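First the structure, in the form of structure tokens, and then the observations on it.
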Amino acid sequence: METTAAATAAERRRPLFTTEELGGRAVYRVQAATVAAGILLVLYYRATRVPAAGEGRAAWLGMAAAELWFAVYWVIAQSVRWRPFRRRTFRDRLAERYEQNLPGVDIFVCTADPQSEPPSLVISTILSVMAYNYPSEKISVYLSDDGGSILTFYALWEASIFAKKWLPFCKRYNIEPRSPAAYFSESKVHHNLCIPKEWALIKNLYEEMRERIDTATMSGKIPEEMKLKHKGFDEWNSDFTLKNHQPIVQILIDGKNRNAIDDDRNVLPTMVYVAREKRPQYHHNFKAGALNALIRVSSVISDSPVILNVDCDMYSNNSDSIRDALCFFLDEEMGQKIGFVQYPQIFNNMTQNDIYGNSFNVSYHVEMCGLDSVGGCLYIGTGCFHRREILCGRIFSKDYKENWNRGIKERGKENINEIEEKATSLVTCTYEHRTQWGNDIGVKYGFPAEDIITGLAIHCRGWESAFINPKRAAFLGLAPSTLAQNILQHKRWSEGNLTIFLSKYCSFLFGHGKIKLQLQMGYCICGLWAANSLPTLYYVVIPSLGLVKGTPLFPQIMSPWATPFIYVFCVKTLYGLYEALLSGDTLKGWWNGQRMWMVKSITSYLYGFIDTIRKCVGMSKMSFEVTAKVSGHDEAKRYEQEILEFGSSSPEYVIIATVALLNFVCLVGGLSQIMAGVWNMPWNVFLPQAILCGMIVIINMPIYEAMFLRKDNGRIPTAVTLASIGFVMLAFLVPIV
């Protein structure tokens with residue numbers, strides 16, 4: 001008996017997860033130290049070689065300010081690179097200890113617009129998270145529909161019927177992925193793993209369902225006979241509008257009802273539709289408000305101790321993701337500290353060379369791992385498992401013991417209608433009035449980047465977080481497939497993050513004394529995206545104008561002072577390339593990423609910066625734009641061919657075209673004047689500026705093609721080209737003094 005007890009105790013001491021420091025840190029630290037020395041020399045040179053008035057002093061000081069900012073941001077970025085580590089889980093140990101006592105999991109899926117986020121896409125995500133390799137009776141799925149659309153409700157009702165066949169099929173053949181849309185799109189890979197007749201039957205059922213849903217979406221209405229299938233359809237009457245309607249909570253599958261079973265007679269997960277009450281006179285707080293509504297609704301239906309939230313386009317790609325996350329929460333030694341577990345946001349529609357720089361590979365393989373080593377990764381708004389208690393404001397305490405069995409007990413005497421009525425009362429417009437919801441309880445309000453500020457608040461309450469990036473991606477979604485979508489998304493992100501930085505929730509202020517300095521700095525990497533806009537815009541415009549106007553802004557190439565400039569640029573660039581290749585990018589993908597960083601800095605981040613400043617002085621109100629998840633056929637084809645998509649006369653395209661054209665004209669004009677000896681100065685005085693201008697021209701080659709060579713509908717419109725020519729002519733009137 002003693003031997004058995006000792007063996008059991010030893011088994012429980014075996015960790016459910018381990019950490020492993022990433023390699024190559026010695027090389028990194030040498031690189032960082034030498035680059036830091038080079039940066040100091042560059043700044044010293046700028047400070048001690050200021051030209052006389054009228055000889056480019058203002059431009060020189062502007063260059064010094066831009067380089068000082070780049071130096072500060074570089075230091076901030078190094079905070080997460082000093083000691084990053086990777087995590088590994090042990091699901092077999094989890095099963096040995098907890099298989100009979102696994103906690104319940106509530107899964108939140110949010111959608112806002114059936115046009116930008118088609119219902120057929122939403123239900124594929126819903127079906128994928130219902131089919132986890134996890135006891136179905138312990139899974140509850142909640143869909144928040146901020147569009148309040150009968151089309152989305154209809155699609156969810158269709159999914160509740162199809163789930164009876166889909167879930168047994170998934171578990172019988174242990175298929176991956178468990179999104180029907182993704183699975184059948186990879187049919188050539190999976191077809192031979194199943195009985196052909198059964199595979200064909202399920203595929204036909206899915207395609208018929210999707211066609212019914214898509215037909216209804218295109219027509220904007222559902223067949224009248226369908227409205228008789230479920231009482232929930234009665235909620236939509238003639239007075240119902242998107243921004244003015246009553247609250248709706250409908251339980252489509254009651255997982256605690258013994259009759260809610262699939263075709264193999266196994267219990268189905270609970271499925272709930274939620275549409276918050278909307279009234280014109282009440283602010284609904286966007287996605288943060290939707291998540292808080294789901295927290296309350298789920299508390300009276302399933303009340304599971306673990307909550308997963310995913311965006312409606314981020315389907316489950318790994319059926320063991322719940323078990324991996326639980327390895328962190330349930331670890332006997334370290335799990336008590338962990339408040340949330342974050343998976344990366346990975347996209348399945350990436351082109352081979354990531355034309356729009358959507359991959360975030362370096363962020364996930366380096367930066368998030370580095371944040372993990374200093375107290376916790378960021379909460380990025382999707383693919384995240386939380387303890388319910390931390391979303392309800394709990395402060396970390398060593399004495400706190402989680403009740404992992406909450407929500408599993410059988411329901412009392414309340415019937416489903418009473419439960420729905422009770423839940424509906426929790427999502428009215430007035431429920432949160434004079435409460436701490438959105439402040440100390442739930443997801444934070446008042447910021448477009450509600451995920452970042454909520455994660456920071458959790459860390460400041462003493463909790464840590466864990467980042468896990470398994471070989472098989474846990475979630476896959478849709479990246480923006482046009483330049484306009486990409487610019488919009490990054491504008492929203494950068495604006496939200498800068499708003500946080502400029503508020504009382506700045507990580508240096510709010511986190512002082514609560515989280516490590518490195519973590520405070522780590523939050524600023526994304527918090528200061530928008531602040532890179534003006535220095536970047538300055539650096540891609542002023543040196544080029546100086547080249548054509550005969551104003552040198554760098555040491556001549558033969559001077560010893562040119563060495564730190566060259567060293568910092570080359571080593572930073574090469575190490576960035578090394579990180580990108582190590583993280584899975586291609587060489588061309590890295591190059592595309594450099595272009596997109598410049599494009600985002602002078603458009604997305606610039607707009608985000610301006611809008612944030614406007615908001616700070618009371619000139620505009622916070623808004624939220626939904627990034628479209630679908631593109632037209634021609635746009636999709638050009639995306640697959642890795643051709644940049646323009647096609648409209650948006651102001652941001654004018655900025656991009658102007659910067660590209662300005663550098664081309666300055667390069668040609670500047671070199672012509674140097675060769676002609678116009679400036680009466682040695683040619684090597686202007687060589688650094690010519691090299692910088694030339695690199696900007698090379699990186700903008702796709703822009704020139706879109707302006708002058710392409711004939712497709714995705715080219716830069718003639719109006720944009722003409723406007724950019726006009727702005728270039730105006731730029732030459734700017735004196736470089």
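Residue 1 is the first one shown; counting continues down the chain.
Backbone N, Cα and C atoms are what each Cβ position is placed from, and that goes for glycine too.
Swiss-Prot has this to say about the protein:
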ACT_SITE  D146  active site
ACT_SITE  D451  active site
TRANSMEM  26-45  transmembrane segment
TRANSMEM  58-78  transmembrane segment
TRANSMEM  528-548  transmembrane segment
TRANSMEM  551-571  transmembrane segment
TRANSMEM  654-674  transmembrane segment
TRANSMEM  683-703  transmembrane segment
TRANSMEM  716-736  transmembrane segment
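Proximity of distant same-chain residues to the transmembrane segment (528-548), defined by a Cβ-Cβ separation under 8 Å and at least 6 residues beyond the stretch ends, is recorded for 56, 59, 62-63, 65-66, 69-70, 73, 76, 490, 493-495, 497-498, 501, 554, 598, 601-602, 605-606, 608-609, 612, 659, 662-663, 665-667, 669-670, 673, 686, 689-690, 692-693, 696, 731-732, 734, 736.
Among the recorded stretches 58-78, 654-674, 683-703, 716-736, the one sharing the largest number of Cβ pairs closer than 8 Å with the transmembrane segment (26-45) is 58-78. Below 8 angstroms of C-beta separation, residues 540, 543-544, 546-547, 550, 552-558, 562, 565, 591, 594-595, 598, 643-644, 656-657, 659-660, 663-664, 666-667, 670-671, 674-675, 716 of the same chain, each at least six residues beyond the ends of the transmembrane segment (683-703), sit close to that stretch. Rounded to a whole number, the C-alpha distance linking D451 (active site) with D146 (active site) is 17 angstrom. In this structure, D451 (active site) is part of a helix by DSSP.
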